[in-house]
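In what follows, a structure is listed as structure tokens, so that the remarks can point back to it.
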């Protein structure tokens, strides 16, 4: 009995390692945690820096400003006169705004505390100049992740061609775990910047290896499109949970709490990878993949990569600038800064899962074209919002449209490699991730500077027009041609079923009967 009980877990592990569905689960969880960490910092970093740097500097100067207030209370002639003439008003004289005249004809002193307390009642943060500078600093911090990922992606693509996808996937988990812990215990801008850059390195390993692994396991184009939609659903779910989860935990528990929860979940993902992927096993590709520079000269791959870049650049520009704009114009509390991204996250989750299936029926090129147009229109509507409820429509449309583009372009990348190059997917998904990261690198780094120069509404107008103008280029992906050598390979794998190549009439036996024509038609 004991030997049989020991064999059961081994049998389950063997079945799990052979299951394509569990590979999808591993990639789903990895993308989920990566994008939760990506967005959980969005509502935390601006308010954390404002609290520690601006308010911390002002509280250190507070004793110098509050020292003149006590002399206002030390007015023995007036207080004695006030209590001498009318003892019933002694309780009022305890306040800082004591009436200096007994008859109460002069009302100017009570007006002073109301003017000094107005900023506290409004709830708007002070320090307009500090917030303007913070746009640039927060934008650079957010962009550091994508910049590092941009540099590391090509090397990860080459690594997956040589040693397989399993080891890079596990390396990504280790780096992400260290980055999450660094976020939890960082207290300065410099350490937050380093943690964000380290996250970019881990994200590069996880995303390139994960998407390449899925493309190599699911070879059918329709099935691959559905699976990519599910995997991007993990990305969408991470974006969905990250910002609201971060704002609520930061408001009611503390800065370190959301990152410690993510670190615990990352440990579970690492255990899952150890059991299913066997990261110590080297599995190089059997055929040599197409070089990255050859893929970058393919105009159809560049069009698809551009769609990924510009559609995601819009939300990348919103991440550092929208919370600060809400603090300035809407006087929003901390918890609303993350909840503002909730409509975009929910609609992105719906869009990726819905159009992972529908895009193959309506045409992926058409799906991405409509998606980019809707992205542009949604961005143009963002500055029209007067409160957090006015952001529901634009952000919801933005997330849904980006889901349309991502769920269409990711399968197209694998399809273009199958159609025009060698069917090895590490390099092409490195390019796809580079395009994604370019959007998240250029967006935050330039968005803060543009907001400081011309304002937040003009930033939305610029990136919205760019998306609308780029949308017609997706038409070129409608029917991309195959290379000549790929046509020969595809014709051997999927022979054309044309009647000119067959002669079913020669299979008929003599003597002919009356039912022979019917049998011949059935044979055709």
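Each residue, glycine too, has its Cβ placed from N, Cα and C.
Among the residue ranges 138-158, 495-515, the one that TrEMBL annotates as transmembrane segment is 138-158. When Cβ-Cβ distances under 8 Å to the transmembrane segment (21-45) are tallied for each of 170-194, 230-253, 365-385, 455-477, the top count falls to 230-253. 138-158 is the stretch from 138-158, 170-194, 200-218, 365-385, 455-477 with the greatest number of Cβ pairs below 8 Å to the transmembrane segment (424-443).
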